[in-house]
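Single-structure report; data block below.
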Amino acid sequence: MPTAPALAPAPQVRPRTPGGGRGARAGWTVAVAVPLAFLAVFFVGPVAEIVGRGFVADGRLDLGGFGDVFSRPRTWRVVGQTLAQATLGTVGAVLLGVPGAYLLYRCRFRGRDALRAFVTVPFVLPTVVVGVAFRSLLVDGGLLGGLGLDGTFTAIVLALVFFNYAIVVRTVGGMWERLDPRTEQAARALGASPWRVLRTVTLPALGPAVASAASLVFLFCATAFGTVLVLGGRRYGTVETEIWIQTTQFLDLRAAAVLSVVQLVVVVAALSVAGRARARTERALTLGGPAATARPVRLREPVDAVAVVVTALTVGGLLALPLVNLVVRSMRTPRGWGLDNYAALAVPQDTLAVSAWQAAGTSVRTAVDATVIALVVGGLVALVVSRRPRGAPARRAVAGLDTLFMLPLGVSAVTVGFGFLVSMDAPLGIPVDLRTSPVLVAVAQAVVAVPLVVRTVLPVLRAVDPRQREVAATLGAAPGRVLRTVDLAVALRAVGLALGFAFAASLGEFGATSFLARPQDPTLPVVIFRLLGRPGAENYGAALAASVLLAALTAGIVAVCERLRRPGIGGAW
Amino acid sequence: MSDGLQAADVVVRYAAAAAPAVDGVDLAVPTGEVVALLGPSGCGKSSLLRAVAGLEPLSGGDVAWDGVSVADVPVHRRGFGLLFQDGQLFAHRDVAGNVAYGLAERRDRVARDARVAELLDLVGLPGTQRRDVGTLSGGERQRVALARALAPRPRLLLLDEPLSALDRALRERLALDLRDVLVATGTTALFVTHDQDEAFAVADRVAVMDAGRLLQVAAPGDLWARPASRRVAQFLGYEAFVDVPGAGDAVAPAVRALVDAARTAGLALLPTGGVLALAAGAFVVARDGHPGGARDVDGVVRVLRSRRGRTEVVVDVDGVGRVSALAPAGWTCTPGERVALRADAAAVAGLSG
């Protein structure tokens, strides 16, 4: 039987790839170009402008600004404080978070889902609210005023741990949930004690997840702004608050630019560590499938007992106490208990042009715009990065895109806001002064929210077996239909969660917004900060009430979106 | 002859690998025929299948249907269906949603429902339209995946080890069902497997592949009776090879008995320098046979095992090596014992060298 077909194959040099045709190629080009253009105009451009101001003076390269800024003892103090508080905050979050991850993801007990939702609350709270909550607890006359922690380094570190505890719990817990329990059972059967199993089997397996969470926490701690600004007063600050102070108080733009560069170096270093750890996590995760590994808590077992005690103390003392105290204090007025502070939200306070309610309206409107922008840009990035192209150069380009869009997560929001301020009078040389446009605030908030969207949607898209797309194509589905019926259908719930995170992040964004919000249209976090800066019990009371309002708004939004999430699927956070 | 699928000199190369995964394969599947691609894992058979589907780019050669090259036709326009080992059902759709996915008439509710019902009947799962695919057993999942792949009436169905993930009893039953469905629908199919029994049960012709190349293409019976090479014979399960002796050579009694049995059966003319390939059962334990005489065939029993009620012994035979011999049901002995054997030409094939 002749097996050679009738036609002779033409000699070829290039491998022939039967792709999706010209339409698909155009689609992918747009999917890459839109986010890149957004990032270039609204992130790289402004940040480069700032960096340029540190290096260039009178049109020439001038590193004199560095020498000047680094010869100030104040600079070294701020850098030292930044690294010290970030390190301590990270260590604290990991030490408390790992037992929490065990209890919330490896054990079963009544109310576990509610507790999981509760520990997430601090993470989505606006930084200003976290600062206000801790201050109202530690201030003279506050519940823990006797400890003398108000305005101390310890208070800042505690607030940072409060804020970042959820990152460790969710990242490490998500991995722990999927570890194959039979490895541990094998170790037990070989005669290892529960502690030895934990030390020699479980924790090494969780290593990448812990490293990934720790580097993210370090990043958030090192760039913390609102919390530190509210709690640190004049004595303690981070590079981030120092940039703000140099810009708004001392009007020393060159010093601010130099500090932005310093911040950028720290962030890039932390991000590259995070990226490597994350890659290892994702590789490791493919080894084990999701398993039903949760078992009831057994208080007689020492591992469980330690986890229960540590988590109970953390949740009760560190997480719940400041929040409950904030709500209670917001109802205390100079004339006794009541809702007067909340009534005050309806009228403009002190010298402010608007009431807190109006500011809340501005916040929500801005956050809606920011969320839409972040979802489009972040969704496209996640889609592109989730693909594993054939060629090595293309694969490297995709990995680079991933890292590039993580940058806004760590690059100081203050730097972004400041950069907008100095570059948006004529973006890309086009003489359109965007600085007076309210859209600018939404765009800045979207820049901050994009990495959250990417990190939430990407793991879900990556988890889609590529053969699902292949099988859809062999059933005759064109690339557009594959995208709609496979990728989008699977990612829908993750998109809901991303929407919640993006909205919460935009609602509470303070660093960039504090530069960009127009005086007559402040957002709620800006109003809270301004109220705090004014004397008088009424202003303080209104700040507390406004904080409760903002906290309720963000937590409520995330809670609704969290409900959309399918259990076991979704990003690490 | 340009009817059906023609793969000509197909080369598939992966960036990281030194040797091509598929190295110049020519294969034709005429319309209506089922061809099995049989080979050990890593031999390139799945890469060839993916290249035919358009999921892997060709580094050389061509894939054509009815004489027209499809190398530049994107996957979704080729009209080639694909069934994966693990089915790859869409977890977010129910059974009917999966089966209807590739239907051209999926927007016409009545026609769609009728076709889905017809396909589910065909694969033996009537009435399961609304089932969540997560609740299906492994075998049911593959049946749904088969219905889904057949729904758009593909001109060629590619099956990538569709039964390998199932347990043995189910695999054997599904292999027969699969053959029935493919014949009933007149589907042209290319079927990848590493299991000889499965290939023989499902296919009209079997193509044996190794290290990126096709070694032999033949109907199951021909393939078994006349393996083209020692490698093919080894892969089919032939376990020992004996050189055919010259006329005056002094040889072991077992070899002499084999050659005599093969000659008597008219197996093939066995030239000197040819090779006899021995499958399990080339020797049979002689009932009540007692070893003794110098010309008697015998072997030393190493292992005694039971295969579906029949006794099989692994014996060391002088001049042949270690082979599996069949014994009557209920027969037993102790390992180390010497037993009398006779040769059975039905399990012997001749190779030309």
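For all residues, glycine too, the Cβ spot is worked out from N, Cα and C.
In TrEMBL this protein carries:
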type: REGION; residues: A:1-21; note: region 'Disordered'
type: TRANSMEM; residues: A:26-48; note: transmembrane segment
type: DOMAIN; residues: A:79-272; note: domain 'ABC transmembrane type-1'
type: TRANSMEM; residues: A:83-105; note: transmembrane segment
type: TRANSMEM; residues: A:117-139; note: transmembrane segment
type: TRANSMEM; residues: A:151-172; note: transmembrane segment
type: TRANSMEM; residues: A:205-233; note: transmembrane segment
type: TRANSMEM; residues: A:253-274; note: transmembrane segment
type: TRANSMEM; residues: A:305-328; note: transmembrane segment
type: DOMAIN; residues: A:360-561; note: domain 'ABC transmembrane type-1'
type: TRANSMEM; residues: A:367-385; note: transmembrane segment
type: TRANSMEM; residues: A:397-422; note: transmembrane segment
type: TRANSMEM; residues: A:442-464; note: transmembrane segment
type: TRANSMEM; residues: A:485-507; note: transmembrane segment
type: TRANSMEM; residues: A:540-561; note: transmembrane segment
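Nonlocal intrachain contacts for the transmembrane segment (A:151-172), taken as residues 6+ away from its ends with a CB within less than 8 angstroms of a stretch CB, comprise 81, 84-86, 88-90, 92-94, 96-98, 100-101, 104-105, 119-123, 125, 127, 130-131, 134-135, 138, 206, 209-210, 212-214, 216-217, 220-221, 224, 227-228, 231-233, 235-236, 314, 318-319, 322, 572-573. Long-range contacts of the transmembrane segment (A:305-328) within the same chain, counting only residues at least 6 positions beyond its ends with a Cβ under 8 Å from a Cβ of the stretch, are 96, 99-100, 102-104, 107, 115, 118-119, 121-122, 129-130, 132-134, 136-137, 142-143, 158, 161-162, 165, 297, 299, 544, 547-548, 551. Residues 47, 50-55, 57, 65-66, 68-70, 75, 78-79, 82-83, 211-212, 215-216, 218-219, 222-223, 239-240, 242-243, 246-247, 403, 406-407, 409-412, 415, 418, 422 of the same chain lie 6 or more positions beyond the ends of the transmembrane segment (A:253-274) yet place their CB under 8 Å from a CB of it. Counting Cβ pairs closer than 8 Å and at least 6 residues apart in sequence, the transmembrane segment (A:26-48) and the transmembrane segment (A:485-507) reach fewer than three and form no contact. Note: the stretches the transmembrane segment (A:117-139) and the transmembrane segment (A:367-385) are not in contact (fewer than 3 CB pairs below 8 A, sequence gap of 6 or more). For the transmembrane segment (A:485-507), the residues of the chain that approach it from at least six positions outside its boundaries are 124, 126, 363-364, 366-368, 370-371, 374-375, 378-379, 382-383, 386, 442, 445-446, 448-449, 452-453, 456-457, 459-461, 463-464, 468-469, 472, 477, 524, 550, 553-555, 557-558, 560-562, 564-566, 569-571, 573, judged by C-beta separation under 8 angstroms. Among A:83-105, A:205-233, A:397-422, A:442-464, A:442-464 has the largest number of CB pairs under 8 A with the transmembrane segment (A:367-385). Between the transmembrane segment (A:397-422) and the stretches A:83-105, A:205-233, A:442-464, the greatest number of Cβ pairs separated by less than 8 Å involves A:442-464.
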